[in-house]
Amino acid sequence: MKKLIVLLLMAAMTTTLLGGCSSTKLSDSFDKDTVEKSAKQVIEYLNNADYQSVTNMFREDLQKDLSADTLKDAVEKTYGSAGKFSEYKSTTILGQKIKSTKEDSAVAIIIAKYEKKKVTFTISFDTDMKLIGLYMK
């Protein structure tokens, strides 16, 4: 009886945990390979300290709020001591709807391995493949 209760509790916990996870299908407005290639280009620019190229990829209305120096500071604080880039560990491409505008966006979640640690990049694009979000942790 005790084993049955434990199994039922484990099943209930698993159902609850998995039920909270959902992914949104990528909109037909995007090509998955293009999103992945563009996201990896952002990371390559960051790895090469080419911050101006990253800021140029942002949508025009966002460029005025983000300078190359601001981006450099964010990179240094987030993973400046991670060492040299070695490889991409995983890539996930999802679709997302922007709540305020109802606009479709594509989100690339990429885990990159560096000499001393892994860094997770969450990179978002609008339907014109302009960068609208960049999060590093």
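Note that Cβ sites are derived from N, Cα and C of the backbone, with glycine treated the same way.
Feature annotations, reproduced from TrEMBL:
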DOMAIN    39-134  domain 'DUF3887'
SIGNAL    1-19  signal peptide
Worksheet item: Under DSSP, the domain 'DUF3887' (39-134) has how many residues in helix, strand and coil?
Response: 32 helix, 37 strand, 27 coil
Worksheet entry | Across the domain 'DUF3887' (39-134), average pLDDT on the 0 to 100 scale | 95
